[in-house]
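Beneath this line is the structure, given in structure tokens, with notes to follow.
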Amino acid sequence: MKGIFPIDKFRTLQTPFYYYDTKVLRDTLSAINQEVAKYPSYSVHYAVKANANPKVLTIIRESGMGADCVSGGEIRAAVRAGFPANKIVFAGVGKADWEINLGLEYGIFCFNVESIPELEVINELAAAQNKIANVAFRINPDVGAHTHANITTGLAENKFGISMQDMDRVIDVALEMKNVKFIGLHFHIGSQILDMGDFIALCNRVNELQDKLEARRILVEHINVGGGLGIDYGHPNRQSVPDFKSYFATYAGQLKLRPYQTLHFELGRAVVGQCGSLISKVLYVKQGTKKKFAILDAGMTDLIRPALYQAYHKMENITSEEPVEAYDVVGPICESSDVFGKAIDLNKVKRGDLIALRSAGAYGEIMASGYNCRELPKGYTSDELV
């Protein structure tokens, strides 16, 4: 089954472009809010890194979510979209001074700190502004996630976070500082996780750390477990909204949250992944020695995930109902890795057909580049194309 698209409207637009189905997005946000409402101590922050399209951000902000940012630019994008500063968390292993100052000036909720040197800089910059910065420590729990190696973030070998062995020392340093307030612990073990067992392993590790801190009579107000929930790239129509019920219930059942604590989540891909498609036009159909190539006007500069992660995106010829044939679907970029998929079954392709690369709402438009001096793809919502 193919997706439903306003093809007549698409014909009037310059390809390639991103298309966001706002019904899918709003249904996803509604499903999240429905589940979170069961747990009054839960808060969700949208991971802006997944998609910072202003129209998409506005719809997410209207749902009541906070924002999870990893750069000063993302903080600005969130504020422009109307996210309250007191719902913004700022993570990232390499925060520049101007970015920290920006967060302080806006009065964001929390800095997720990844090292003692960073903590010292935040304390110094906060003192210069005569402010106290809320900080949580990103702990690397050494928990492996069943996902692509490039998007694991919770292993000891990864660059992210403070090791469990160093946690006590970092907390001791923070408690001596005058311009930071230690309010919580932060974790994030990876992305595109579909095995709830990975989240259970994280819960077990958080429980261990909580017990360790309580033995020192240190009470933590906030626990932030990051995000990581994946989507079904193979069947975007069958499961357009992820299983948020199981996701939040896993934490409710496994993480021993104290009565005074709040639990924070940072969801990105699961929020926007299924609402977006990259729409591209077929430039040529080329007969090779052993295969056919469908050459698109979209390439790895527009959607880098297949080249970077060997990621799969379901592809559909949305302008043909001819019999199915197999094609290697490639782009125009001068790189051998500019391949969206090999031996892909598509309704017979001809020049001018429109190909939809599905499940491209996350880490698609936001990761586009100008390599080969190409223009960045535009993004349109279904609200605009009625």
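The backbone N, Cα and C atoms fix where each Cβ goes, and this holds for glycine too.
Just one of TYR233, TYR247, TYR251, TYR363 is listed by Swiss-Prot for the same substrate site as ARG269, ARG305, TYR309, GLU335, and that one is TYR363. Matching GLY184, GLY197, GLY228, GLY331 to the pyridoxal 5'-phosphate binding residues that Swiss-Prot gives (GLU266, LEU267, GLY268, ARG269, TYR363) identifies GLY228.
Close to the recorded pyridoxal 5'-phosphate site, the chain also has ALA47, LYS49, ALA50, SER191, GLY227, LEU229, ALA270, VAL271, ALA362: residues not among GLY228, GLU266, LEU267, GLY268, ARG269, TYR363 whose Cβ is within 8 Å of the site's Cβ mean position.
All protein chains shown were included, and the count of other CB atoms within 10 Å of the CB of TYR309 (substrate binding site) stands at 16. When the C-alpha distances from GLY228 (pyridoxal 5'-phosphate binding site) to the recorded positions LYS49, TYR309, GLU335 are tabulated, the minimum falls on LYS49. Scoring each of the binding-site residues (GLU266, GLU335) by how many neighbouring Cβ atoms lie within 10 Å, the top position goes to GLU266.
Farthest C-alpha pair in the pyridoxal 5'-phosphate-binding residues GLY228, GLU266, LEU267, GLY268, ARG269, TYR363: 15 Å apart. Once the Cα atoms of ARG269, ARG305, TYR309, GLU335, TYR363, the listed binders of substrate, are compared pairwise, the greatest separation found is 27 Å.
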